[in-house]
């Protein structure tokens, strides 16, 4: 009885101890947030980055909040479980479920956003941003307490803050807030793996895989690969060549991994099914064998200090104190090579050290080889966003060697001093001592080393505890200095990239006072329902502005894109930024009309900007600095072709003529239709040119060798009136340039006066955003008067090669005639059936009359989620004009219904339920098996 009382008291004391530990962690964490991000509070700056955080993450969260409320409205008001997931407000229209899984959907921390109004969403966004590293520190401690239950609490605390405020978070975690999530989940995945390795219990691993997989497909992929590497290293040390043990281990991981993945399929499967169409995969990007010298030099200080905007997004950094366990680990490894360990605890410790050494060595190897970054990014491009694993390994290393630091023997101290001096010399040789942050962190490391040496020599009771507290304090100070050197205006000044002095009303205006509201006002002013179908384009548009209101546009900036859009751009020689981030159709009149564009927005209502407005648009509305123009003969969501151009024939048409060809016939895949063949008539004018050069340009056949940026090529020609004027560059490649982003400035002149100016956003194969675009049919604008000169200015030196160059003028007569033909039979009475809260839909209806058998082209990107019904009968959807959908139907009046379902969502839900059932069975089976084994003992 007394033993039971002591046991209960022991449990209570342990619980109180842990509660006190986490309360202290919480209090210090709150103080650290203020200290590390003091520059933000001092400048009244938000944690909302003006780039991707605002353009993507914040807007995704604002939309997700509305979408969740829309789902509840759908269920409880409309009494339907048919969830609406298609948004016309994402570019030309796309599925929000897989697209936003990368940004919002699947993150448990985003669920409470359902209760947050739009103007306050940025406050919630920032609170959750700081909550992520807090939770990361806690999940890290769970892993450490499991692996090292006797670890010093002070050392664990140091590790928690090292992990929570690692430079991966300090940069990527507040730049792309969702990137901080793997810091939370990766320790849980490793903890689950360890439970299999140590206890043969796999339930927690399955559950952690579910959490990680449902959270983010991109980082889940990384975590799976990194976990496999980790488990292989651990299994080699544990099981050696015991194939039977290996077999059991593989079966355990396979079963639990599959079950966890099944549960995650509710969010993961739709992404998997959408991913093959993603244009960022297999673009032909070049992967170098090694990085540049500058990268390796930077990598050294990257490990122990905050290198903001690190090359290839590399963030492996902690702080100066991390150098102490790192150097000690190397010293211990060297000493172990020349000494024989004892049996028992010493042997176990040696094995543990070797495992840690191998893991760290592998991570160092991975961060040094571009192929590793390429593979860990899904073979899309080379970047090191997997380095949250480095943060975990380094922080664990600090905890694991914490006690060793205060109990060093003479030979270890000598080794530490020698290695430290060598490291300082390396930093000097690689010019890293020239950075104030690096010098400060090295000074803190040096002070820490002196402290550890003193504590190792003085064995008086209490000295070690004081030294531990002092080293923890040094750790916190070093982290604060990272924040100071990264964010402070007098140092790294990263806060300049974040919004400041923002009120809820200000943020509401930023989110919802854009060209979208101007376009909606213009639509309403002309008698059009502002939430009906129309599409807008324009200049200087705000990224993803149309998402929240659900209005269709030509701009899109999300990582998971539909490749048919970029395929269309490539075929048309359309000039834009990249295959997953694009603004418009280069102001090309024909392409805009074929895409169903009705409104054109100018962000700046000036005479110079009016020159970019395409042919056939009339000025109808002004709002603040915006000017809105309306297409006087817009095409509907659906319009009809009565002839076709088979894909094989279309590909033989020169790029310059393709847009005009599409006025005559629908491009379809060979064998998809038996309609009559189109017979396009081309009116494009090829203008003879005279070329001269200014600056350091050496010209040869199909090549410009530019030895100095700012040099120019002058192309003179006699243009035509009432035409669009185009510059044609065929198969353009740039090499021998100091940058992988050699932008070219292009200006058009008329009688010596500059009239329009555009940039060619060229990217080489070394650029992470390389899109494999090499044909440029650049529209310099429509005008009644003729252009007579185009000047191409090179911002960078390099070798510019091409197969053909020309200037073309596109008259509008054929366009007007054929547009009338396409407009003769269009989809009418269109009902989008949008959710009144989120503006998403899953059904579109309308009516159309055909004079003969034809193909109705729907200006929605082709995707397999749509099902078409014509007069109640299911009909095939075919790909039309590379990018859009089409339905072939006979002559007569027809009722059209389009239904949308996210591919993989329903099967994913079924797999979730099945996975939960299998997890319960697995846990019960293992519990019963262990109970039987214990009974046998």
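Positions of Cβ are set from backbone N, Cα and C atoms, glycine also.
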Segment assigned the feature transmembrane segment in TrEMBL (from 276-295, 296-315, 316-335): 316-335
Residues flagged as transmembrane segment in TrEMBL, choosing from 249-275, 384-410, 492-518: 249-275
Matching range for TrEMBL feature annotation, transmembrane segment, among 180-201, 356-377, 532-553: 356-377
Recorded stretch, among 249-275, 356-377, 443-462, maximising Cβ pairs under 8 Å relative to the transmembrane segment (413-431): 443-462
The transmembrane segment (469-487) and the transmembrane segment (904-923) contact flag, 3+ Cβ pairs under 8 angstroms: no
Criterion met for the transmembrane segment (316-335) and the transmembrane segment (121-147) (at least three Cβ pairs under 8 Å): no
Residues of the parent chain within Cβ reach of the transmembrane segment (356-377), under 8 Å, 6 or more residues beyond its termini: 221-222, 225-226, 229-230, 233, 287-291, 296, 299, 312, 314, 316, 326, 329-330, 333, 383-387, 389-390, 393-394, 396-397, 400
Listed stretch, out of 21-41, 154-178, 218-237, 443-462, 904-923, that has the most CB pairs under 8 angstroms to the transmembrane segment (249-275): 904-923
Intrachain residues whose Cβ lies under 8 Å of the transmembrane segment (154-178), provided they are six or more past its termini: 21, 24-25, 28-29, 32, 36, 47, 49, 51-53, 57, 102-104, 107, 125, 128-129, 132-134, 136-138, 140-141, 144-145, 216, 302, 305-310, 313, 315-319, 321-322, 385, 387-388, 390-392, 394-396, 398-399, 402-403, 465, 468-469, 471-472, 475-476, 479, 482-483, 486
